[in-house]
Every structure is written in structure tokens, then in C-alpha cells.
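K.L.:
Pasting a structure below so you can have a look.
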Ligand code: AMP
């Protein structure tokens, strides 16, 4: 999608610190990290948010979660864990309208969110 910053990261128009890439998924470090480990996983297909997922996306989202787990372990979060977050629309605090999973770790995180 033309005005989507994450689509521009996928195309290479905007640079990113990539962690992982395949035909369907891209993972990169968040530009404004909120924890020692903070990266994002996105589908290359432009899906605006989790409410717009269809039944055809089940395999894709399953792969994203498996990859999030694998990368979190690779970033040193295997023992103490991490937080896997999907913000959705305005009440969910979503600011980039391209589905993404945040993975945050490397320090204890508060709950509940403010
Ligand atoms: P959300 O608020 O859930 O939509 O999260 C969007 C995330 O994207 C925020 O944590 C931003 O810091 C991050 N972000 C925005 N632009 C970039 C970028 N160019 N490269 C990496 N992360 C970004």
C-alpha cells in the first residue's frame, strides 16, 4: 500500500534493522525500543489490523507466532520470557495500520497497561 510505512520497509524504500525475512514475513527492530529487546514481525501482505484477518490467513499468522517465539529465544528471551503484543485500532493503541506483532523482553514489564 502506497502510504504505509511498513510496506515501504518491506520494499526497502525505508531502511530497517532486519532480524528475519522470508517470502511472507519480515522481522525488524523497533525504531523506538521500549525494552532492551523490542522487535516487530509483519506480514508482507498488507493487512491493516487483527480485525481484518480472514480464515485464509490462519497459516500465515501461525507462522508469525512460531517465528516470533524462535526470534525471541534468539534474542535471549528464552529463559525469562517476553511480551508478545498486537495493538489494534485506536483503543488498542495502534499507530501503524499494518498488522504487526511486538516482541518486548530483556526486562520485567508492568501489567496492566495504562
Ligand atoms: P503500534 O503503536 O502498535 O502501531 O506500533 C508501531 C510501532 O512501529 C512503534 O513501536 C514504532 O516505534 C514502530 N515504528 C514506526 N516506524 C518505524 C520504523 N521506520 N522502523 C521501525 N519501527 C518503526
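Every residue gets a Cβ built from N, Cα and C, even glycine.
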K.L.:
From the ranges 88-92, 93-97, 98-102, grab the one TrEMBL calls motif 'Histidine triad motif'.
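P.N.:
Of 88-92, 93-97, 98-102, TrEMBL gives motif 'Histidine triad motif' for 98-102.
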K.L.:
Using Cβ-Cβ distances, find the residues under 8 Å from residue 100 (active site, tele-AMP-histidine intermediate) that belong to the same chain and are at least 6 apart in sequence, listing them in sequence order.
P.N.:
6, 40, 41, 42, 86
